[in-house]
Amino acid sequence: TFLVRESESKPGDYSLSIQDGDNVKHYRIRKLDEGGFFITRRAVFNTLKDLVQYYQNESDGLCVNLRQPCRPLERPQIDLSHKTKDMWEISRDSITLIRKLGAGQFGEVYQGLWNNSTPVAVKTLKAGTMQPAAFLAEAQIMKKLRHPKLIQLYAVCTQGEPVYIITELMSKGSLLDYLQGEAGALKLPQLIDMAAQVAAGMAYLELHNYIHRDLAARNILVGDNNICKVADFGLARLIVSDDYNATEGAKFPIKWTAPEAALFNRFSIKSDVWSFGILITELVTYGRIPYPGMSNAEVLQNLDKGYRMPCPVTTPESLYQIMLDCWKRNPADRPTFEALQWRLEDFFVLDAGQYQHAADVL
């Protein structure tokens, strides 16, 4: 199968991705100023359709010739009904909890049904975790954030305890559980693709001046075909528990949090970028806890002295450099999520100079 997509890093260019056995190979399709498309200049085509048809007949340097186009992996996002598009408070009686999927510090997650027909995920928040009025105000914003790489908020139940958060259901659960379980056989290209998906969702939040505050593998959900979506964005700032205090709370995720946020409560999209660098280490180590062997206090002390986690075993230096860029001391020096997205999406893209040896890649 193959897929042609517009390049994130170079508008006007395109990328061609081809599945070859267990691997996916990527090639850059360039566009000429005077019109026309090519992978290598010895074969220039008037349209993308002409290019695809040519490589369907012969590989001419590609790893294989093009066969079937890739089918869309994701169903379009929908609301529960036309009523819930603008009215997100629904009756608790309309939700049926089927089975428990997991539990976190502040609640549990269930597979459920809305009106006995629509599969949903239901996050229940422990009593006292956050003020319902504050959450409802935040939900008004969250409901409007729509992107293929963000978990879609469908509705809420804030009348009574526990508060229910109703979202789309993802078949594989949290990225952390997935990495520690069946995803252990995934290779680097798939892991980097998952990181790129997370970066794409975060780039959308960045564009809308929205901060996640708790970006980590446990807050990414995975569906079929390794589709990843960012979940729980914005909820961390609403938590009122003393255990979630940056300086002394036992439940505060110090190891994922940028120093300026952990020490001075200075959260920003750039502190999310720091957390994203930590998330990449979770990916390439299949869910290992960051800074193994260190306490939270030791992590903060060492970071202040300039310490950064070493490059994980078998991780390419170029990927480790992306992590280091995320962990720069000055938040302003860290990359944007938009830049991270295209760096990761184009991590394995081949230029024409590498094109003849494509079969040797990956």
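Heads up, the Cβ atoms here are built off N, Cα and C, so glycines get one too.
Remember, it's a predicted structure, so these values are computed and weren't measured experimentally.
The annotation domain 'SH2' is assigned in Swiss-Prot to 1-70.
Sequence annotations record features per position, and here Swiss-Prot assigns domain 'Protein kinase' to 95-348 based on sequence analysis.
Proximity of ALA103 (ATP binding site) to non-local residues of its own chain (separation of 6 or more, Cβ distance below 8 Å) is seen for VAL109, given in sequence order. What Swiss-Prot records for LEU101, GLY102, ALA103, GLY104, GLN105, PHE106, GLY107, GLU108, VAL109, LYS123 is ATP binding site, and it gives sequence analysis as the kind of evidence.
For ASP214 (active site, proton acceptor), the number of other Cβ atoms no farther than 10 Å from its own Cβ, over all displayed protein chains, is 23. Taken residue by residue with DSSP, ASP214 (active site, proton acceptor) is part of neither helix nor strand, so it is coil. Residues annotated as active site, proton acceptor in Swiss-Prot, with sequence analysis given as evidence: ASP214.
As a summary of secondary structure, the domain 'SH2' (1-70) carries 10 helix, 26 strand, 34 coil according to DSSP. Note on LEU101 (ATP binding site): other Cβ atoms within 10 Å of its Cβ, all shown chains, come to 19.
For GLY107 (ATP binding site), the number of other Cβ atoms no farther than 10 Å from its own Cβ, over all displayed protein chains, is 19. For LEU101 (ATP binding site) paired with ASP214 (active site, proton acceptor), the C-alpha to C-alpha distance reads 20 Å. In the predicted structure, the domain 'SH2' (1-70) carries a mean pLDDT of 84.
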